[in-house]
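J.: For reference, Swiss-Prot lists these features for the protein:
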type    : residues                                                                                             : note
BINDING : Ala17, Phe18, Ser19, Gly20, Gly21, Leu22, Asp23, Thr24, Ser25, Ala43, Gly129, Thr131, Asp136, Asp194 : ATP binding site
BINDING : Tyr99, Asn135, Arg139, Ser192, Thr201, Glu203, Glu280                                                : L-citrulline binding site
BINDING : Thr131, Asn135, Asp136                                                                               : L-aspartate binding site
Amino acid sequence: MTTILKHLPVGQRIGIAFSGGLDTSAALLWMRKKGAVPYAYTANLGQPDEDDYDAIPRRAKEYGAEGARLIDCRKQLVAEGIAAIQCGAFHNTTGGLTYFNTTPLGRAVTGTMLVAAMKEDGVNIWGDGSTYKGNDIERFYRYGLLTNAELQIYKPWLDSDFINELGGRHEMSEFMIACGFDYKMSVEKAYSTDSNMLGATHEAKDLEFLNSSVKIVNPIMGVKFWDENVKIPAEEVTVRFEQGHPVALNGKTFADDVEMMLEANRIGGRHGLGMSDQIENRIIEAKSRGIYEAPGMALLHIAYERLLTGIHNEDTIEQYHAHGRQLGRLLYQGRWFDSQALMLRDSLQRWVASQITGEVTLELRRGNDYSILNTVSDNLTYKAERLTMEKGDSMFTAEDRIGQLTMRNLDITDTREKLFGYAQSGLLSASSATGLPQVENLENKGK
């Protein structure tokens, strides 16, 4: 059986991930006109720029959908977002600012839940709006086939017939109007935006040029913290975790994690927290650039890692960061539910997150400018009295440290001998100032 269909399967049921925008609206109508039987599936991911989800399936039926369903994915999305925080599953960072993999998390949830809904309806062909140059085409491919082994893939944007007839947004708009729908193109922005409850991605068009900065972006989850005319008063916020799970913000508990994440977004968003500019490597190894928002994820991540550093030992923290980066890359590649990812997730959640209980108080200012005001946990291994500089009882004495210095550093003689050995072989040059060999000046290399 062919997995990827290059042309429209006339007379067959096709499920399309339907956003209600021009692209998917025109594609659905075109498929119906050409003799396919389209079904529309819309994921409610709590997009901050979507105000009427119920209207989307109605529009799909107007455009010819045989059936249209709205799938509430918010609970599962937040659950996966919290799991990513517990595991530190983030591998793209620039200057200490993190991309929280919010789009890959959204694709993991959308790709599995929509295809599961299609399977319930006897729909085994899936189409979506991803292009062949991006990451999503592979993410959806993997998650779709993982959920339904009999799935076939049909993407109008890979069909030469569709491209020849409706290759651009202007052609799509004219097609909709010609079919009796008064569909006006929205005003073109200088970039494209994709969002869910966890975060927003701004990319493409003007943002493909590195001399276009965050200043051309209108945040949809935060504020223009770079604009000095925007008043942003400082704000204290307390975040509480129990066994790795965020349970309270400013002492307030929530009926469910969705409400908690919405409140975290509101708090962080008031300051522009979690906004970053990243150059990243796509799955196909080409570099792309995105500007990201994730105010709630950033707030929870900061508090979580503060507790982490106060509770766990150095080796555990090192493994958390190493495995978290590895897991983040798997998530980015559409492998969040693969066995190698599940192994890392289980280890990090079981042995790291389970001990993260406590409260962190922060002062948020502008953008990613914040201070940690207090850290409280019964699980802290940080003990001020162990290293106090004041007189009093101590867990060890000066004599103890003398012994430690002697035993811990017996290799100094070995290291000195190696340095002189490197000098004799020409890897290092002699230094008259210190008496020890030193790394040769690269400018003199080969002279």
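The backbone N, Cα and C atoms fix where each Cβ goes, glycine too.
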J.: For the binding-site residues listed here (Ser25, Asn135), tell me which residue's CB has the most neighbouring CB atoms inside 10 Å.
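T.: By the 10 Å Cβ neighbour count, Ser25 comes out on top.
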J.: Restricting to the same chain and to sequence separations of six or more, state which residues have a Cβ under 8 Å from that of Thr131 (L-aspartate binding site).
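T.: Ile137, Trp157 - these are the non-local Cβ neighbours of Thr131 (L-aspartate binding site), listed in sequence order.
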J.: Please give the greatest C-alpha separation between any two of the L-citrulline-binding residues Tyr99, Asn135, Arg139, Ser192, Thr201, Glu203, Glu280, in angstrom, as a whole number.
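T.: Among the residues the record ties to L-citrulline, max Cα distance equals 19 Å.
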J.: Counting only other Cβ atoms and using a 10 Å cut-off, which of the binding-site residues Gly21, Gly129 scores lowest?
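T.: Each of the binding-site residues Gly21, Gly129 was scored; lowest Cβ tally within 10 Å is Gly21.
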J.: Where Glu280 (L-citrulline binding site) and Asp136 (ATP binding site) are concerned, what is their Cα separation in Å, rounded?
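T.: Distance (Cα to Cα, whole Å): 15 Å.
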J.: Could you state the whole-number distance in Å separating the C-alpha atoms of Asn135 (L-citrulline binding site) and Ser19 (ATP binding site)?
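T.: Per the Cα atoms, Asn135 (L-citrulline binding site) and Ser19 (ATP binding site) stand 18 Å apart.
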J.: Within 10 Å of Asp23 (ATP binding site) (Cα to Cα), which of the binding-site residues Tyr99, Arg139, Ser192, Thr201, Glu203 do you find?
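T.: Cα within 10 Å of Asp23 (ATP binding site): none.
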J.: Around Arg139 (L-citrulline binding site), how many other CB atoms lie within 10 A of its CB?
T.: 25
J.: Just the number: how many Å between the Cα atoms of Ser19 (ATP binding site) and Ser192 (L-citrulline binding site)?
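T.: Taking the Cα atoms only, Ser19 (ATP binding site) lies 14 Å from Ser192 (L-citrulline binding site).
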J.: Within 10 Å of the Cβ of Glu203 (L-citrulline binding site), how many other Cβ atoms are there?
T.: 18
J.: How many other Cβ atoms sit within 10 Å of the Cβ of Tyr99 (L-citrulline binding site)?
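T.: Around the Cβ of Tyr99 (L-citrulline binding site), 26 other Cβ atoms lie within 10 Å.
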J.: Hey, does DSSP put Asn135 (L-citrulline binding site) in a helix, a strand, or just coil?
T.: coil
J.: Sorry to bug you, but what's the C-alpha spacing from Gly129 (ATP binding site) to Arg139 (L-citrulline binding site), rounded to the closest Å?
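T.: Arg139 (L-citrulline binding site) to Gly129 (ATP binding site), Cα-Cα distance: 12 Å.
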J.: Looking at the binding-site residues Asp23, Asp136, Glu280, which sits with the largest number of other Cβ atoms within 10 Å of its Cβ?
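T.: Going through Asp23, Asp136, Glu280 one by one, the largest Cβ count within 10 Å is at Asp136.
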J.: Going by Cα-Cα distance, which of the binding-site residues (Tyr99, Ser192, Glu203) sits nearest to Gly129 (ATP binding site)?
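T.: The smallest Cα gap between Gly129 (ATP binding site) and any of the binding-site residues is with Ser192.
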